Amino acid sequence: MILIRNVRLVDAMGERGPLDVLIGEGRILSLEGGEAKQVVDGTGCFLAPGFLDLHAHLREPGEEVKEDLFSGLLAAVRGGYTDLVSMPNTNPPVDTPEAVRALKEKAKALGLARLHPAAALTEKQEGKTLTPAGLLQEAGAVLLTDDGRTNEDAGVLAAGLLMAAPLGLPVAVHAEDAGLRRNGVMNDGPLADLLGLPGNPPEAEAARIARDLEVLRYALRRSPATPRLHVQHLSTKRGLELVREAKRAGLPVTAEATPHHLTLTEEALRTFDPLFKVAPPLRGEEDREALLEGLLDGTLDAIATDHAPHTQAEKEMDLLRAPFGIPSLEVAFPLLYTELHLKRGFPLRRLVELFTDGPRRVLGLPPLHLEEGTEASLVLLDPKERPVDPQGFASKARFSPWTGWRLGGWPVLTLVEGRIVHEALE
């Protein structure tokens with residue numbers, strides 16, 4: 001038994017407390033206290049449902065020098081995540097039931113965050129032959145995606161949506177037009193021209209989202225079941241507007257935004273620092289503000305990290321050669337708690353929802369509200385500020401564009417089904 005005393009509760013329904021939360025048998029037993037072997041003082045902290053990340057690259061199999069299941073899932077629980085969706089662009093790609101099953105079994109044995117693998121939409125992520133969606137789902141896959149690559153063949157995407165629809169599986173897309181994106185390393189515009197760097201235009205994202213929404217319309221018309229499209233790492237104002245219009249028209253589309261697109265802009269590239277090189281690229285301030293509005297009005301369903309670890313040597317290469325990607329599992333919530341809630345008054349209830357019930361809805365999972373009988377997959381968050389220090393990361397990627405930023409809202413206790421998987425109590 002664990003008793004968390006004098007703690008505020010925050011979930012998608014709102015805030016309440018302070019209360020005394022008794023945990024046992026993997027569930028919340030009482031909100032009125034009780035006898036417990038371990039007592040945690042929650043004074044000044046708040047308790048939330050465990051977070052779910054829809055989009056993380058754990059690099060296993062094939063690139064364990066960058067990250068592996070242990071380091072990635074340990075980073076996850078240190079970031080307050082009890083559940084995580086791993087992307088399939090590994091080496092080899094996760095495109096068979098056997099590969100999905102192997103990941104699930106290894107992750108379960110580690111006893112950290114619960115892993116929910118995404119499987120490739122097409123064999124080897126080559127964009128040609130569809131993978132066996134039903135068998136992948138039986139093995140544990142929760143969505144289909146060729147993330148890391150773009151879906152260039154609209155016919156293949158349509159067939160994938162039609163295949164996934166009766167299974168209730170969402171199809172997630174990395175929405176960039178490869179012909180427009182070309183070799184861009186930062187947002188296309190005056191700053192890229194000034195710096196002499198190849199640009200990736202915002203129209204590359206908007207054009208691909210527009211096409212994919214038309215493909216979704218086609219699949220919706222042709223399928224007796226409901227196809228579900230999920231747009232990954234939205235980065236532009238126009239892309240957001242397209243998703244907003246589609247939702248208002250009743251299309252079954254969901255979308256996510258990342259911590260880096262919500263807190264950073266292309267201005268960070270003035271230093272030519274590859275730490276800020278990410279795909280899609282950091283955009284302008286107008287795009288960032290549009291994303292924040294999308295969080296509030298429901299256009300964006302979830303905040304997803306797109307955690308993308310690389311080796312230190314790779315990220316120290318010059319900007320043109322360094323790989324795309326930012327590691328963020330361990331700082332995502334503190335970053336947005338500080339930058340959005342504390343500094344801008346973004347509602348805490350809504351912020352927590354974007355880390356919990358929002359991503360759960362994308363996967364078709366029920367909400368986790370804090371009440372008696374609820375599964376005790378929880379995170380205790382401390383508002384006390386401390387600086388970001390990537391040298392203390394559990395992730396193998398011990399670098400960060402937010403190094404030195406003073407943030408509050410750090411996870412100090414993470415539980416999965418009542419088991420403590422991370423503890424950093426003072």
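Cβ coordinates are placed from backbone N, Cα and C, and glycine is handled just like the others.
Here Swiss-Prot flags H55, H57, D147, D306 as Zn(2+) 1 binding site. In three-state terms derived from DSSP, D147 (Zn(2+) 1 binding site) belongs to neither a helical nor a strand segment and is classed as coil. Neighbour density for D147 (Zn(2+) 1 binding site): within 10 A of its CB lie 23 other CB atoms from the protein chains shown.
The substrate binding site annotation in Swiss-Prot covers H57, L58, R59, N89, H310, F324, G325 and is backed by sequence analysis. Under the DSSP three-state reduction, F324 (substrate binding site) is assigned to coil, being neither helix nor strand.
Annotation comment: Swiss-Prot describes D147, H174, H233 as Zn(2+) 2 binding site.
The secondary structure of D306 (Zn(2+) 1 binding site), as reduced to three states from DSSP, is coil rather than helix or strand. The active site annotation in Swiss-Prot covers D306.
Within 10 Å of N89 (substrate binding site), judged by CA to CA distance, lie the following binding-site residues from the set H55, H57, H233, D306: H57.
For H233 (Zn(2+) 2 binding site), other Cβ atoms within 10 Å of its Cβ number 24. Checking each of the binding-site residues (H55, D306, H310) against H233 (Zn(2+) 2 binding site), the C-alpha distance stays within 10 Å for H55, D306. Spacing of D147 (Zn(2+) 1 binding site) relative to H174 (Zn(2+) 2 binding site) is 5 Å (Cα to Cα, whole number).
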